[in-house]
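Taking it in order: structure first as structure tokens, then the write-up.
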Amino acid sequence: MTNIRKTHPLVKILNNAFIDLPTPSNISSWWNFGSLLGLCLIIQIMTGLFLAMHYTPDTSTAFSSVAHICRDVNYGWLIRYLHANGASMFFICLYMHIGRGLYYGSYAFRETWNIGVLLLLAVMATAFVGYVLPWGQMSFWGATVITNLLSAIPYIGTTLVEWIWGGFSVDKATLTRFFAFHFILPFIITALVMVHLLFLHETGSNNPTGISSNMDAIPFHPYYTIKDILGALLMILTMLTLTLFTPDLLGDPDNYIPANPMNTPEHIKPEWYFLFAYAILRSIPNKLGGVLALLFSILILFLVPMLQTAKQRSMMFRPLSQLLFWILIADLLTLTWIGSQPVEQPYIIVGQLASALYFLLILVLMPTASLIENKLLNW
């Protein structure tokens, strides 16, 4: 009798994706983050579902419903903090995953890469609307500041902002619709993940050398299933340590103050994972210019495959590109730090220089370095 996993229409799909999938024999731990992101998504949907059972999306009760979850619901505090810190783990894995893609040239798989950038945008949107839901000070003012950026769009801006708000300010209508968005987006993300995997399995995985591994592939199971389980255990350990020892380490104390439209917090800033983009937004003294820079700082990832000039796919054997890559990482860390600082000197000028360097590296320096390396190959 033929094996059911090779004949059954549904099981066959799973078999070809997770069991008999031919995988390069030399992929490193940097290839673990895809499965970790899948795990993060599952954790977020599960904890989010239980939170939604007790949360009320209404301005008068939202804040107290979150307090009620933490105080009165069985293990509600655990579910709430797993969900909050799960978002941080999600972004850590996302940024590692994107960094791996940039370093090893995974962006050469155009469709997979573009769906991945769409996924990044969807996760960022989900995190933003989710941050508004506890209805603390930073929730309210974050929503006000970020939605207000749309008013920079010529002609239709103000109308657009009022349409998104559902009124003339961030209020009950805004909170209700943001809850609806926050609930639906993870399912859209799940669908996109399936498309992401579909395109990936058309070509097979890349590997650290950037060379085709068709002649040296091994089955995904048991080799990479066990490797993914190890990665998952390490991530869960990190997440539980963070959640159980320092649950508020990455949060903002201002969000423990109920939202008050009459009182603006001293420093309005987003969660840590948006700080680099926030720093780029603030570094341009013009509203529309800042909004465009903010948008382009993420959308620039769509251009990466087109800016590819190197003859070698991976940066493994390209020291000049490696140097620029790590400068880019240092620059992003600098931007993250600047985003958390007040708008005053010397932070303003450092932020402007770091923002300029970010675009310069991706658009000019890295493609130029690749061309120089191509020349060196001919020596």
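Backbone N, Cα and C atoms are what each Cβ position is placed from, and that goes for glycine too.
Feature list (source: Swiss-Prot):
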- His83, His182: heme b b562 binding site (BINDING)
- His97, His196: heme b b566 binding site (BINDING)
- His201: ubiquinone binding site (BINDING)
- 33-53: transmembrane segment (TRANSMEM)
- 77-98: transmembrane segment (TRANSMEM)
- 113-133: transmembrane segment (TRANSMEM)
- 178-198: transmembrane segment (TRANSMEM)
- 226-246: transmembrane segment (TRANSMEM)
- 288-308: transmembrane segment (TRANSMEM)
- 320-340: transmembrane segment (TRANSMEM)
- 347-367: transmembrane segment (TRANSMEM)
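For the recorded site, His182 (heme b b562 binding site), the DSSP three-state label reads helix. Nearest to His97 (heme b b566 binding site) in space, judged by Cα atoms and limited to the binding-site residues His83, His182, His201, is His201. Outside the transmembrane segment (288-308) by six or more residues, the chain places 98, 102, 105, 107-108, 110, 113-114, 117, 120-121, 124, 149-150, 152-154, 276-278, 280-282, 355, 358-359, 362-363, 366-367, 370 with a CB less than 8 A from a CB of the stretch. For the residue listed as 'ubiquinone binding site', the count of additional Cβ atoms within 10 Å of its Cβ stands at 15 [all protein chains shown]. Spatially, the transmembrane segment (33-53) is adjacent to the transmembrane segment (178-198); three or more Cβ-Cβ distances between them are under 8 Å for residues at least 6 apart in sequence. Among the listed stretches 113-133, 226-246, 320-340, 347-367, the one sharing the most Cβ pairs under 8 Å with the transmembrane segment (178-198) is 113-133.
Panel annotation: around the transmembrane segment (226-246), residues 29, 32-33, 35-36, 39-40, 43, 78, 81-82, 85-86, 88-89, 93 of the same chain, lying at least six beyond its termini, place a Cβ under 8 Å from a Cβ of the stretch.
Counting in whole angstrom, His83 (heme b b562 binding site) lies 24 from His196 (heme b b566 binding site) by their C-alpha atoms.
Long-range contacts of the transmembrane segment (320-340) within its own chain (CB-CB distance under 8 A, at least 6 residues past either end) are made by residues 99, 102-103, 269-270, 272, 274-280, 282-283, 310, 347, 350-351, 354-355, 357-358, 361-362, 365-366, 369-370, 372-373. Rounded to a whole number, the distance between the Cα atoms of His196 (heme b b566 binding site) and His182 (heme b b562 binding site) is 21 Å.
Listed in sequence order, Thr112, Ile115, Gly116, Leu119 are the same-chain residues six or more apart from His196 (heme b b566 binding site) with CB atoms under 8 A from its CB. Here the Cβ of His97 (heme b b566 binding site) has 20 other Cβ atoms within 10 Å, regardless of which shown protein chain they belong to.
Under DSSP, His97 (heme b b566 binding site) is assigned to a helix (H, G or I) in the three-state scheme.
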